[in-house]
Amino acid sequence: MANENDGFKFEQRHGKARVRVARVWRNPDGRQSVVEWSVSISLFSDCQNAYFRDDNSDIVATDTMKNTVYVKAKECKGQLSAEDFAIQLAKHFTSFYRQVYAAIVKIVEKPWERVHVDGQPHNHGFKLGSERHTTEVIVEKSGLLKLTSGVEGLALLKTTKSGFEGFIRDKYTALPETQERILATEVTASWRYSYESVSSIPQKPLYFTERYLDVKKVLVDTFLGPPKEGVYSPSVQSTLYQMAKAALNRFPDISSVQLKMPNLHFLPVNLSSKDSSIVKFEDDVYLPTDEPHGSIEASLTRFWAKL
Ligand SMILES: O=c1[nH]c(=O)c2[nH]c(=O)[nH]c2[nH]1
């Protein structure tokens, strides 16, 4: 809600960023599970008097928001997805406080993965994986919902079936055309679910955790192609589009996908002295770089999607 004060348009929100919490659930059969979350909360509330009149009487203290994360984590009696926890928190803030008309809750989940020992899942042993599950929910007082999930730090590489040809050549261009290169990236993806109210989200426990794993698998599989022959990538742009399209085609409750895919270059190594070649590049020795990197991003949205 925008306000007018002293002849200026005024918008505000406040919250607590990066509240770290871990929650353990202990099954009577000995199997335990754990999640570790970094929770960021931002509240849209009627507390303009704090800005205009030094009156804090309508402020939900950000310290209270932090405490609420721990209270709500305690109240979760069974394992739940980051999405469901974010929705619960956002619902709490918008329903508990008269002043709060909307809440944004973002969560980044640490990838603790159950370890298998001698082929058996360990009851209480975990190791840290690489990519992170993210979510962002916006809940309004009316129950209106925007739900987005994602993955960050998903590092992918293939050693062949990638090229780049046919681009603009001019007096600034040095890059040779190629049909053979390493393709490496670190995917940041987010996808918007089409659920539009907190009452319409699937009630199945861990629904969004499963969806996260499934979407990630579709992205990875599309990037790599079939296990034996792979799939040729004519550009990061083309591969990105195929990945986004595959996710939308596969999951009807996803209305849009956004992908960021840096092109992490692996440069051919050619070394020579004045009179002889020391290392001649034969698609074998590369100099991996991450600076500078290509930055390629796009979003793909269903036509009928209400956003
Ligand atoms: O897949 C690519 N897309 C580009 O836009 C680009 N630009 C570049 O120099 N190399 C590449 N590779």
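One is the number of the first residue shown, and numbering goes on along the chain from there.
Every residue, even glycine, has its Cβ placed from backbone N, Cα and C.
Just so you know, TrEMBL annotations are computer predictions that nobody has curated.
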Original post:
Say TrEMBL lists Thr62, Asp63, Arg181, Val236, Gln237, Asn263 as binding 5-hydroxyisourate: which of Phe44, Phe164, Phe281 is in the same site, per that record?
Top reply: Phe164
Original post:
By a simple count, how many Cβ atoms lie within 10 Å of the Cβ of Val236 (urate binding site), its own Cβ left out?
Top reply: 22
Subject >> Lys16 (active site, charge relay system) versus recorded positions Thr62, Phe164, Asn263 - nearest by Cα >> reply: Thr62
Subject >> For Lys16 (active site, charge relay system): DSSP state (helix, strand, coil) >> reply: strand
Subject >> Arg181 (urate binding site), number of other Cβ atoms within 10 Å >> reply: 21
Subject >> Cβ neighbour count (within 10 Å, all chains shown) around His265 (active site, charge relay system) >> reply: 18
